[in-house]
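Features of the protein shown, as given by TrEMBL:
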- 32-54: transmembrane segment (TRANSMEM)
- 75-100: transmembrane segment (TRANSMEM)
- 120-144: transmembrane segment (TRANSMEM)
- 165-186: transmembrane segment (TRANSMEM)
- 230-248: transmembrane segment (TRANSMEM)
- 268-292: transmembrane segment (TRANSMEM)
- 321-344: region 'Disordered' (REGION)
- 329-344: compositional bias 'Basic and acidic residues' (COMPBIAS)
Amino acid sequence: MSRKSWTDGFRFDRDLWDPSNRFETSWLLSPWVLFACRALISIFIFTTRFYLIARHCISGPRGDLWDPSNRFETSWLLSPWVLFACRALISIFIFTTRFYLIARHCISGPRGCDAAVDEFSFFTILTFWGLGFYFAFAAIHTLTYALRARPLLDSFPRPLQALHALFYTTITVYPWLVTIVYWGVLYSGPWYEQPYQAYSNISQHALNAAFALFEIIIPRTAYDQMRLVHMLWLIVILAFYLALAYMTEATRGFYPYSFLDPDANGSGVVAGYILGIAAASLIIFWAVKGLVWVRQWLTERRLGMDGKFARQPAYDETEMGTIGHTAKPNHDREAELDGPVDRL
């Protein structure tokens with residue numbers, strides 16, 4: 001009889017590993033019944049797990065860290081319902097203004113609807129439309145958050161969530177650029193004689209900045225949500241608009257803004273305006289980012305106003321630490337998850 005070594009337990013013999021098929025048989029059940037039991041148990045386990053995953057994704061709180069405390073849909077000052085109402089009213093005002101101005105051009109303007117078509121070549125008008133759509137989408141996200149404590153934005157793919165953050169950056173930066181260029185460069189007086197003209201220009205060249213200021217001051221958006229890469233996209237969007245402006249001259253025979261005309265101003269002056277506007281957009285970006293930082297530091301750090309939140313759904317999983325009904329979210333935990341707040 002050969003002596004066994006302690007290494008024998010780590011060797012694979014060439015004999016049958018399980019000659020009597022112990023893993024596949026039972027002392028009580030036939031192989032078919034054993035197969036059925038094992039299959040049903042496996043189906044039950046996977047069905048349970050996928051059901052719980054789907055339930056978390058549809059109606060549970062998000063587990064990712066893109067916007068863990070719903071900063072885009074909440075405010076340090078206003079409840080979600082009031083924030084929704086404000087955003088919805090601003091969106092309605094913007095769209096009402098634009099459709100009224102289009103209708104007025106078409107009905108009583110000297111050039112009819114052609115003037116309304118030409119307006120889509122102006123950066124002011126495009127920015128105003130952008131504000132309207134942003135406030136409409138923001139109102140929808142805020143409403144869904146107020147109703148079920150989870151905004152529609154949370155169910156979007158990550159690229160769309162990132163685009164929403166970029167959208168926020170554009171509507172808090174470009175309106176200031178429009179207002180500064182209009183009142184500082186284009187407007188030369190006198191004041192408008194007709195109330196319609198005053199209403200049009202105040203709405204699109206003054207209230208636009210007020211709406212941007214609302215989004216800077218009132219929501220709980222964090223300064224880190226204005227990503228540095230957004231500066232690149234701000235310039236790219238301006239470059240696309242520049243192409244649109246020169247396409248307008250080529251196809252419709254006019255420059256949306258007189259300072260873009262190289263024949264009247266010279267190519268050097270035009271290049272200076274273009275570079276100056278690009279630089280101004282980056283300066284405004286940092287100014288807005290700084291204002292968001294100051295608001296975040298003042299309201300959350302100094303005043304302790306973490307925000308007004310919707311009711312959170314109740315869960316019954318002990319390991320989740322959420323047994324029973326929870327009236328409010330755990331703000332301390334959310335503050336830990338919100339990296340921008342911790343790094344103030």
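Backbone N, Cα and C atoms are what each Cβ position is placed from, and that goes for glycine too.
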TODO: Could you check if the transmembrane segment (230-248) is in contact with the transmembrane segment (120-144), meaning 3+ Cβ pairs under 8 Å among residue pairs at least 6 apart in sequence?
DONE: yes
Open item on the list: Does the structure show the transmembrane segment (75-100) and the transmembrane segment (120-144) touching, where I'm treating 3 or more Cβ pairs under 8 angstroms (sequence separation 6 or more) as a contact?
Closed with: yes
- [ ] Take the transmembrane segment (32-54) and find every residue of the same chain, 6 or more past its ends, with a Cβ under 8 Å from one of its Cβ atoms.
- [x] 24-26
Task: Within-chain partners of the transmembrane segment (268-292) [C-beta distance under 8 Å, separation at least 6 from its ends] - done: 169, 172-174, 176-177, 180-181, 212, 216-217, 221-223, 226, 230-231, 234-235, 238, 242, 259-262
Open item on the list: I need to check the long-range neighbours of the transmembrane segment (120-144): which residues 6 or more away from its ends have a CB within less than 8 Å of a CB in the stretch?
Closed with: 72-73, 80, 83-84, 87-88, 90-91, 94-95, 97-98, 150-153, 164, 167-168, 170-171, 174-175, 178, 182, 203-205, 208, 211-212, 215, 241, 244-245, 248, 252, 256-257
